[in-house]
Structures are given as structure tokens and as C-alpha cells.
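*Asks:* Checked TrEMBL, it gives:
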{"type": "DOMAIN", "residues": "23-288", "note": "domain 'G-protein coupled receptors family 1 profile'"}
{"type": "TRANSMEM", "residues": "12-35", "note": "transmembrane segment"}
{"type": "TRANSMEM", "residues": "47-71", "note": "transmembrane segment"}
{"type": "TRANSMEM", "residues": "91-109", "note": "transmembrane segment"}
{"type": "TRANSMEM", "residues": "129-152", "note": "transmembrane segment"}
{"type": "TRANSMEM", "residues": "185-205", "note": "transmembrane segment"}
{"type": "TRANSMEM", "residues": "240-260", "note": "transmembrane segment"}
{"type": "TRANSMEM", "residues": "266-288", "note": "transmembrane segment"}
Amino acid sequence: MSSAADSISIILITGEFIIGVLGNGFIGLVNWVDWIKKKKISTIDCIITNLVLSRICLISVMVLNVILIVLYPDVYTKRKLQIVICTFWTFANYLNMWFTTCLNVFYCLKIANFSHPLFLWLKWKTDTVARWILLGCFAISSLVSLIVPIVLSCDYKFHATAKHKRNITEMFHVSKMPSFKPLTLFNLFAIVPFIVSLISFILLVRSLWRHTKQIKIHATSCRDPSTEAHVRAIKTMTSFIFFFFLYYIISLWVTFSYLITKYKLAMVFGEIIAILYPLGHSLILIIFNKKLRQASVKMLTCRKIACVI
């Protein structure tokens with residue numbers, strides 16, 4: 001990469017970092033203040049707070065990765081550092097995806113209406129189910145992040161033994177080869193929360209369709225609270241599906257980027273695009289969540305008044 005490309009990459013990644021941390025930090029701060037005032041926290045706020053914390057960690061790891069690649073390439077070639085970054089990225093990444101899935105399942109259980117006994121039981125126990133899912137998300141993420149360094153270390157040692165005479169540059173490229181299979185498997189496993197979210201989305205759309213059909217039969221208003229709740233949840237989940245699909249494709253791009261001649265450029269480009277997922281979806285949450293939207297409007301209004309004064 002040229003110096004101009006390096007400078008542009010640093011500027012873009014810095015801007016994304018600032019917006020991502022401020023956006024997610026704002027959500028966490030609003031929920032924390034509400035928790036202090038009410039002396040308790042709702043299940044939805046608990047899920048969203050854990051989600052934004054995981055996203056701040058994910059964005060930080062991704063930004064650190066880009067800075068090391070662009071500004072300190074010699075340091076980045078150290079295998080131990082790569083394993084540490086990969087481990088923290090895996091932990092934050094899995095937390096982010098599973099917490100988002102938990103949020104989508106919560107929307108589905110709270111808003112959708114079905115007569116199936118299992119769904120009715122889950123709907124009745126929504127808060128309990130959501131909190132257990134949160135614990136499960138943390139357990140899965142911790143387990144996978146513990147497996148990653150062990151697999152990568154063993155795989156690297158095996159290849160390093162056969163190719164110990166390579167120089168530093170060759171070692172850097174070889175280091176991506178042993179990590180190819182494990183990281184690809186971990187990325188493929190990440191499709192599971194996406195499938196769960198997609199099922200929740202389909203159930204919510206079907207519930208809205210049935211609800212709209214009943215409204216037409218009874219000739220009642222189409223803008224009742226249930227319909228509006230369905231629409232808001234569907235919009236939020238649609239944005240998640242879009243951003244997740246983009247993020248997943250880019251993650252695979254980064255995984256296979258060692259096959260590209262300009263590996264460094266491909267990886268930096270992939271990371272910059274990938275950050276749009278934890279950044280963009282959080283901004284969507286602020287727009288469609290009534291409490292967060294009102295808090296943001298209030299903050300902007302107070303800022304305008306302060307500027308005028």
C-alpha cells in the first residue's frame with residue numbers, strides 16, 4: 001500500500017471508530033441512566049446494553065488490527081500477537097452475533113402471535129428465556145475463544161517445523177495458511193446465529209401477515225399498536241440481516257485474502273467495510289427504539305440551545 005492509501009485507511013478507520021464508540025456508548029449510557037433511576041433494568045435494555053458493550057470491544061479490536069497492519073507491519077508479523085488479536089476478535093465477534101440473535105428472538109417472542117403450545121410457553125417465559133440465552137451466548141463465545149488460540153498455536157507449530165528456514169516475509173504469508181482451515185470453520189459456525197435470526201424474522205413477518213388479514217376481516221384500523229410493533233421490529237431485523245450479510249461476506253473475504261496478491265490492501269479494505277455492521281446496526285437501533293430516539297433528540301436539542309446561548 002502507498003503512503004496515500006495508508007493515510008486514507010487511517011482516516012476512515014479513525015472516523016468509524018469515533019462514530020461507533022460514540023453511538024454504542026450513547027446507547028449504553030442511556031440504558032445505564034435509566035437503570036439507576038428505576039433501580040432495575042428491563043430484559044430488552046439488558047440485551048441491548050450487553051450488545052453495545054460487545055460491539056465497542058469488537059470495533060476496538062478491528063481498529064487495532066488495521067492500525068497494526070498499516071503502521072506497524074513488522075510487529076503484526078509476530079505470530080503470538082496475531083493469535084492474541086484473533087482470540088479477542090473471536091470472543092467479541094461471537095458475543096456480538098449471539099447477543100443480536102438474542103435481541104431478534106426477544107422481538108419475535110414479545111410481538112409475534114401464534115397458537116402453538118411451545119411458542120405460547122416461550123412467550124409466557126420470554127424474560128426468563130432471554131436471560132438464559134444471554135448466559136448461553138456468553139458461554140458459547142467464551143468456549144470458542146478458548147479453543148481458537150489452542151488450535152492456531154498447534155497448527156502453526158506443525159507448519160513452522162516443516163518450514164522453519166523461511167524468512168520473516170515468507171513466515172507472514174505462511175502464517176495465514178495454517179490459520180485458514182480453523183478460522184474458516186469458526187466463520188462458518190457463525191452462520192448459526194444468523195439462521196436463528198432469520199427464522200425469527202420469518203415468524204415475525206408471518207405473524208404480521210396473519211394479523212393484517214384479521215384486521216381486514218374485521219374492518220378495523222391498520223395502524224393499531226400491534227401492527228406498528230410488528231413493523232418496527234421487522235425494520236430493525238431487516239437492517240440486521242442486511243448488515244450481517246455484508247459483514248459475513250467481508251469476513252470470508254478477509255479469511256481468503258491471503259490468496260490475493262495485494263494481501264495488505266485487501267485485508268484493510270475488508271476491515272473498514274466490516275466495521276459498518278456493528279456501527280450501522282447500532283445507529284438503526286437508536287432510530288427505531290423509542291426511548292433511545294427520544295434521548296438522542298433531547299440531547300441534540302439541548303446542544304442546539306447551548307450553542308445559541
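Placement of Cβ uses the backbone N, Cα and C atoms for every residue, glycine included.
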*Asks:* Please work out whether the transmembrane segment (185-205) lies in contact with the transmembrane segment (12-35), by counting C-beta pairs under 8 angstroms that are 6 or more apart in sequence and asking whether there are at least 3.
*Replies:* no
*Asks:* Would you mind listing the long-range same-chain contacts of the transmembrane segment (129-152), meaning Cβ under 8 Å and 6+ residues beyond its ends?
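*Replies:* Residues 43, 46-47, 50, 82-84, 86-88, 90-91, 94-95, 98-99, 101-102, 105-106, 109, 122, 178-179, 182-183, 186, 189.
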*Asks:* Need one number: mean pLDDT over the domain 'G-protein coupled receptors family 1 profile' (23-288).
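*Replies:* Result for the domain 'G-protein coupled receptors family 1 profile' (23-288): average pLDDT 78.
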